[in-house]
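K.L.:
If you scroll down you'll find the structure; I have some questions about it.
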Amino acid sequence: MATDHATTGETDVDAERGYFGVTISSRVKWNLIRAVTVAVYVMMILPLVVIVINSFNPSRLGNFPPQTLSIRWYEALLADELMLRALLNSLQVGVAAAFGAGLIGTLTAMGFVRNDFRMQDALVIVLLSPLLIPPIIVGVAATIFFGQAGIPRSLGWLVVMHTLLGLPYAFLIIRSQLYLFDETLEEAARTLGADRLTTFREVTFPIISPSIITSMVIVFVISFGEFTATQFWVKRTTTTVPVVIFSMLRTSISPKIDALATVMLVVTILVPLIVLGIRRWVLKT
Amino acid sequence: MAFLELDNLRKEFGDLVAVDGVSLSIEEGQFVTIVGPSGCGKSTILRSITGLETPSSGEIRLEGTDITELPAYRRNIGLVFQDYALFPHKTVFENVAFGLKMRGAPKAEQRERVEEMLEMVNLEGYQEKYPEECSGGEQQRIAVARAIAFDPDLVLMDEPLSNLDKNLRTSIRSELRRIQDETGVTTVYVTHNQNEALSLGDKLAVMNDGHLEQFDDPETVYRNPQTRFVADFLGRSTEVRGTYHRQNGEAVAELGGGIELQVQPSGSLADGDPASLFLRDEKLKLVDGSAPTENVLEGIIESVDYRGRDINYFIEVPKIGQTVQVSHIADHSTETFHTLGDAVSVYIEPENVTCLPADDSQP
């Protein structure tokens, strides 16, 4: 029997057995898989494509497809101080949170991997809690906390909270690379005359830096798109792109939203590509 | 004053005593090997000398200075790791130059010294390669170059050959010896492989279970083991129990069954003491009837293990109720080999019978 299986191959065995009593030929089966895959991608990408195309549609009411193309909504966007400010805020907060989570994530992961201490597992759960607690609760809780503490809304507040929201991702990514790191490399550096700091700079950091960079990109993207909790934390001058888009949708349907959404989409896709591109280029040279 | 002194070194890990009061003196320029089974504490000693471990008690002195508490990076000691520990993100040049760079050597000096080192280990022109582009043997030699490049007081090697295949091991072994002769750097080499231990060092330290068993030149250690562990660990021998006697100024061990062997006793044996005799397989010689009648064991071939160059006979000696192992170089042109069941006599010279106090705790 064993040789039968080997010669007929797996697909035919499956076909004989069938699915839920239905027997499908392998050609039909592969076509089905293909069709489902295409459908998934189309449903994911098509709405985005519609938004991007509509952002170039000069008509206010957005009849689709557009008869002509224009950049008037982008011009309007540039003239809209609130939107520009939101974009700038989002970029600033995203970059700052990326660096914050990258730094704290590295130190925390080093601490957890290199030391044995009591309650280690429980502390990991605490560290991951921003990931586990629903964002809306984090949003409300932080608002009440900062309110009671008498700290007014500011970009700094946003940076702190976004760092916190990104920290679990940074921690998990960096920790997994640290587990793979060979500590005898650090011992080698020490026997060659490097003190702790030099050892980290010369050996540990360069080797784990890919995971730090990856985690920073992810934290930036998360921060840049975070809406649920962020909406509680902003005021007019510290607002972010997702919050502006949402509030505009409530009042009017301006094609400017499409333009802003397109900009956001481009940033979200381009930043990781650029950073990872630079990383690859640096590794090559 | 010795160059490197370990004074009653002790290291505990929790309840485990890894090193239990080891004292050792090493002279400048010596090549010392430390051999012992895994877990005997030899690596812990090495790591204590480099400063990667801090001893629980005891002192380490280098040229008379106590360095026991000095951090690793402030000692001037090179270490070759078992798995080489080359920096994967640095080129061969940057790896070998690392120690010099840490000491603030100018770039020109680094280049010159690295070139010199790579030439010494026969890897000229490897500067711009990365470790992953080099073979295991090449990586091993890069690790040696890196540990010597910054002109350390002392070079330590932790089983540096154990990750290489057998042929490479032999050739790099002689290369290590050559490098040590050329540089004259004091070297401590740790291994569990007795061939490496016997062939490499000027001095050989045998360790077991955290203790130093014997420290002497390799030939003396091999020929005159001072403890049962050393006698058993180096080479292959059969241990036979007996009672030690002095008769007419001669050292003799009575093995039971009326058999007596003249022996080379260790100093601590007194008349009537229980003794352990170690009969090295290559020192036992098969003889025929005309040969000596003293120091002869008579037995029957129990099994034969033909190995090409050598042939091993396992000979049952009924009078002492034990099987002894005899190994000899097979002379294919003249010899007729013995077969199973042959009655044979085995002779051993008295000075080759190591006789030590028997340990009563062992059966």
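Each residue, glycine too, has its Cβ placed from N, Cα and C.
TrEMBL labels come from automatic prediction, so no person has curated them.
Not my notes, these are from TrEMBL:
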TRANSMEM  A:35-56  transmembrane segment
DOMAIN    A:87-275  domain 'ABC transmembrane type-1'
TRANSMEM  A:91-113  transmembrane segment
TRANSMEM  A:125-149  transmembrane segment
TRANSMEM  A:155-174  transmembrane segment
TRANSMEM  A:203-225  transmembrane segment
TRANSMEM  A:259-278  transmembrane segment
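Tell me about the setting of these features in this model.
P.N.:
Away from its own ends, the transmembrane segment (A:35-56) comes close to residues 62, 64-66, 69-71, 73-74, 255, 258-259, 261-262, 265 of its chain (Cβ-Cβ under 8 Å, at least six residues beyond either end).
Counting same-chain residues at least six beyond the ends of the transmembrane segment (A:125-149), those with a Cβ under 8 angstroms from any Cβ of the stretch are 108, 157, 161, 164-165, 167-169, 171-172, 226, 228-233.
For the transmembrane segment (A:203-225), same-chain residues at least 6 beyond its ends with a Cβ under 8 Å from one of its own Cβ atoms are 90-91, 93-95, 97-99, 101-102, 105-106, 162-163, 165-167, 169-170, 173-174, 176-178, 181, 185-186, 188-189, 194, 241-242, 264, 267-268, 271-272, 275-276, 279.
Remote same-chain partners of the transmembrane segment (A:259-278), defined as residues 6 or more beyond its termini with a Cβ less than 8 Å from a stretch Cβ, comprise 48, 51-52, 55, 73-74, 76-77, 83, 87, 90-91, 213-214, 216-217, 220-221, 224-225, 241-242, 244-245.
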K.L.:
List, by number or range, the same-chain residues at least 6 past the transmembrane segment (A:155-174) whose CB is under 8 A from its CB atoms?
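P.N.:
Cβ under 8 Å, 6 or more out: 89, 92-94, 96-98, 100-102, 104-106, 108-109, 112, 127-131, 135, 138, 142, 146, 208, 211-212, 214-216, 218-219, 222-223, 226, 229-230, 233-234, 238, 240.
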